[in-house]
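Since the structure comes first, as structure tokens, the remarks are kept for the end.
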Amino acid sequence: MASTTETKQKKMLILKSADNDEFEIEESVGVQSETIKNLVEDGFTFVPLPNVYTKALIKIIDYLKKHANKTDSNDEEIKTFDKDFVNTTFDDLFELVSAANYLHISCLMNMLCQTIADRIKDKSPEAVRKIFHINCDYTPEEEAKIRKANAQAFEGQFDESLD
Amino acid sequence: MAATNKMRRANKREQDEEPISEFCRKIEVENRVITICMHKNKKNNNSKTRTTLDVLPSCLIYKILCYLPFKEATQMSILSKTWLQAWLTHPNLEFEFGVPYMKIVDAIMERYRDKKIPIEKFELSDSSSSSSRGFPLIDKWIDIALQNGVKDLVFKVADVSLPIFTILAAKCLRELVLEGCTLMPTGVVKCNSLRKLSLSYVGLDEDMLRTLLNSCPLIVSLVFEYCSGVGRIELLNLEKIKSVSISTQSNLLVKIRAPTLEHLSYSGYLSYGLDVDECQNLTSLDLSYMWTSGGSLEYLISRLQSLKVLKIQYFEGIAEINSPNLVSFEYIGDQIPGLKIARDSRKLKHSEIVLHCYDYLNIDAWFCKLRNFLSNSTSWSQVSLYFPKCNEINMKDLQLLHNRSIAAPQVDVLDVYIPCQNEEYCPTFVQALLWSCHPTRLNLHS
């Protein structure tokens with residue numbers, strides 16, 4: 001019961017996702033996002049997030065809650081959480097990175113960008129194009145010229161997998 | 001705020017378009033203006049199910065690209081014009097030095113200079129170990145990097161003379177890592193922005209080192225490895241220093257007075273002992289491959305009241321560790337050490353020993369010695385043993401060699417690594433392991 005009364009005293013915020021779902025979180029959890037912090041400082045307690053969809057928002061609220069309770073002793077626990085957090089598909093990572101960017105959560109941005117970079121690092125250009133759904137806008141001649149201009153970087157073997 | 005973001009993005013695009021069209025002109029690629037749309041902006045907002053994003057906006061592609069090493073980022077420039085555009089302003093330039101690529105590197109550096117593209121990191125390493133003595137382009141590239149606000153400079157090029165004080169005169173330098181080069185002794189400057197200084201195989205003398213350390217008084221981390229021209233290191237006035245790592249193959253005289261120091265690691269000759277004092281915040285000490293006369297290190301360790309983590313590698317010269325606040329102790333070596341941990345080390349939570357056994361002629365005596373050593377200290381959380389092969393052990397001889405007055409050792413986890421061809425362990429070998437270590441848990445790895 002003690003915890004319930006405690007929650008009531010805490011300042012709460014409502015976040016509304018792009019698909020119109022509403023989430024109530026503690027203000028202290030939310031303000032890790034610079035975007036939310038700015039709105040809170042302007043007196044808002046209801047925060048519509050037209051660029052963040054429910055699926056990504058649930059994961060990000062999880063992340064913010066975990067990181068709001070950071071202490072000296074749960075360092076390992078948070079590391080494990082972070083590792084699980086980024087262990088997902090590329091499409092999910094792209095959704096999350098867009099959301100984290102919009103919400104301005106810098107530690108999450110670092111982690112997501114680093115994860116995506118690490119996972120595409122050794123892949124072939126063809127594989128990365130598929131992963132990012134890129135339509136190549138070079139003509140074959142242009143592509144050959146760019147390869148030639150930076151020949152050094154295109155030596156060696158690539159990984160063709162898409163995961 | 002969304003509006004300001006949009007403006008920022010538009011400005012960024014204008015900024016970027018100039019270098020990209022320039023680059024495209026140089027390599028004769030037709031430059032088309034690319035528009036990137038977020039798929040969700042076009043979608044009907046009412047629909048709850050949504051297909052995935054087609055593309056990330058270019059600002060996010062730029063951010064992701066920044067986390068790739070330069071070589072891999074260069075590979076990504078082939079993906080599409082958006083990626084090429086992002087690559088053209090990549091802030092971390094890392095080049096491997098080699099004659100065939102000098103023109104490419106020079107062209108890139110000139111582009112960064114002409115377009116004033118910010119550089120965060122500039123790294124030049126010499127993988128081919130081709131002599132680059134007196135190579136004029138290096139000076140030019142350093143100038144460009146410094147002009148463009150470089151924060152991290154890494155040089156791993158042999159036989160190059162660096163204008164070190166010109167480099168330190170740059171106001172925003174944060175990390176300087178030098179390997180193999182020599183330093184030109186001209187001028188005196190203060191570089192208060194520098195946080196990390198790393199010198200490996202660098203040609204310099206004691207005067208030079210002293211001047212250098214005086215020039216960057218606010219460094220947090222210092223690495224000093226195998227700089228043969230120096231016989232004496234004195235770290236006296238570094239107000240912010242937290243971590244010092246010294247490796248040497250010759251005799252060094254080391255004097256450290258640093259109240260802020262937290263981590264010290266030392267590897268190599270040390271006949272004069274470590275003169276470390278006033279380091280009341282030193283919590284972690286790492287000693288390896290040392291040659292020193294006994295006594296002085298025990299004294300040092302016993303005086304470091306704040307010491308929590310101690311790691312000793314391939315160094316048998318310590319007899320007793322008496323450090324009341326020690327939390328973690330680790331020993332790695334190929335000889336069973338003579339050391340013993342004082343019994344009143346109550347705070348010790350983690351104690352680990354890793355041994356590589358090569359002494360196959362006297363394996364019985366080896367097991368006996370191991371048992372005696374392990375029972376010398378209260379308990380061990382982890383013992384890891386590496387053997388080249390599995391032998392039959394004469395348990396009777398073992399019992400005879402054994403001094404019965406010594407208590408049985410206490411080991412939580414024993415990990416044993418043996419390359420085992422047919423997956424079979426000699427039963428007496430396992431018996432000898434259990435007898436010498438008394439583990440609560442035994443893991444056999446082959």
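Backbone N, Cα and C atoms are what each Cβ position is placed from, and that goes for glycine too.
The domain 'SKP1 component POZ' feature in TrEMBL is assigned to A:11-69.
Across the range of the domain 'SKP1 component dimerisation' (A:108-153), the DSSP-based residue counts are 33 helix, 1 strand, 12 coil. For A:108-153, the entry in TrEMBL reads domain 'SKP1 component dimerisation'.
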Integer average pLDDT (0 to 100) for the domain 'SKP1 component POZ' (A:11-69): 94
Structural state census, the domain 'SKP1 component POZ' (A:11-69) (DSSP three-state): 27 helix, 13 strand, 19 coil
